[in-house]
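Scroll down for the structure; my scribbles are underneath it.
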Amino acid sequence: MIVLGLETSCDETGLALYDSELGLRGQVLYSQIKLHAEYGGVVPELASRDHVRKLIPLMNQLLEQSGVKKQEIDAVAYTRGPGLMGALMTGALFGRTLAFSLNKPAIGVHHMEGHMLAPLLSSQPPEFPFVALLVSGGHTQLMAAHGIGQYELLGESIDDAAGEAFDKVAKMMNLPYPGGPNIAKLALSGDPLAFEFPRPMLHQGLDFSFSGLKTAVSVQLKKLNGENRDADIAASFQEAIVDTLVKKSVKALKQTGLKRLVIAGGVSANLRLREQLETSLAKIKAQVYYAEPALCTDNGAMIAFAGYQRLKAGQHDGLAVTTTPRWPMTELTIPE
């Protein structure tokens, strides 16, 4: 089965072809970073229009790159949610229309399920069950995954997501968008112990809170009164986020008795987070798994693969084009 995956939940237009026998046949990705950079964040209307502009050219590029003919596509998977309404709708309309024209099934995929399953595309994929740490611009969650569609929420952020905190602090520091990679780069030359930023809710269950940390950084920047300590601020802020994510992940593994941790989402590319996770998990004889570097950020491959997992069980959507901008993973069902 060859599945076309379409990702348009935010500011990346990603398309990919997943072959159940040959694996990933090809993928293309267009980022809108330059478009949104001058605004310091994603402008939903601009994002939607840019998806419309790029979908057909990227589709043609993907088919040429992979050597797959449009008629060979067996099914279409598109991101149904969560995400920006307009952005989701462009991908859903494109995918549903294409599937209808080819007389093939289509299925709407949960964006974060795609991220969580992306490490299964690696050369050494994890086996179920595992704990998943999902960290992105819109989500920070710990899930126990027992199988496709069998997800138990262990903890989540009660306010800002980790990636959102990175972006907001970067904006405070006048760093370019996107904030996460730029803070990580600046942190390399800073002292992570220079400022003792709070780790809210560190010892309170498995939920997260990052708004207080963001406020603490804002207060510290005002105290510095123009003194350039940006590298130390970046390193200390990043350390507070990483410390919280690592300790909560270890706690989740101990609480569930599981020995495998999957980390997925854009923030999973953070090298300091990976380094600290590997060190901490080695102490409890647990393993950590990541997606391939190209699959950490939003992409079509994860949507194609997640869609395939459900399509092979006979699950697909009707003719109606549906999007779900707010969609808890716990509402997902087991494909039957």
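Glycine is treated like the rest: Cβ placed from N, Cα and C.
According to Swiss-Prot, the protein has these features:
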- His111, His115, Asp298: Fe cation binding site (BINDING)
- Leu134, Val135, Ser136, Gly137, Gly138, Asp167, Gly180, Asn270: substrate binding site (BINDING)
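Features recorded in Swiss-Prot, as mapped to the structure shown.
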{"residue": "His111", "record": "Fe cation binding site", "Cβ neighbours (10 Å)": "28"}
{"residue": "His115", "record": "Fe cation binding site", "Cβ neighbours (10 Å)": "29"}
{"residue": "Leu134", "record": "substrate binding site", "Cβ neighbours (10 Å)": "24"}
{"residue": "Val135", "record": "substrate binding site", "Cβ neighbours (10 Å)": "29"}
{"residue": "Gly137", "record": "substrate binding site", "Cβ neighbours (10 Å)": "25"}
{"residue": "Gly138", "record": "substrate binding site", "Cβ neighbours (10 Å)": "19"}
{"residue": "Asp167", "record": "substrate binding site", "Cβ neighbours (10 Å)": "22"}
{"residue": "Gly180", "record": "substrate binding site", "Cβ neighbours (10 Å)": "26"}
{"residue": "Asn270", "record": "substrate binding site", "Cβ neighbours (10 Å)": "26"}
{"residue": "Asp298", "record": "Fe cation binding site", "Cβ neighbours (10 Å)": "26"}
Mapped DSSP class for Gly138 (substrate binding site), helix or strand or coil | coil
If you measure from the Cα of Asp298 (Fe cation binding site), which of the binding-site residues Leu134, Val135, Ser136, Gly180, Asn270 is the nearest?
-> Ser136
Whole-number Å value for how far His115 (Fe cation binding site) lies from Gly180 (substrate binding site) (Cα to Cα) | 18
Rounded to a whole number of Å, the separation of the Cα atoms of Asn270 (substrate binding site) and His115 (Fe cation binding site) comes to 15
When a 10 Å sphere is centred on the Cβ of Ser136 (substrate binding site), how many other Cβ atoms does it contain?
-> 24
Using DSSP and three states only, what is Asn270 (substrate binding site)?
-> coil
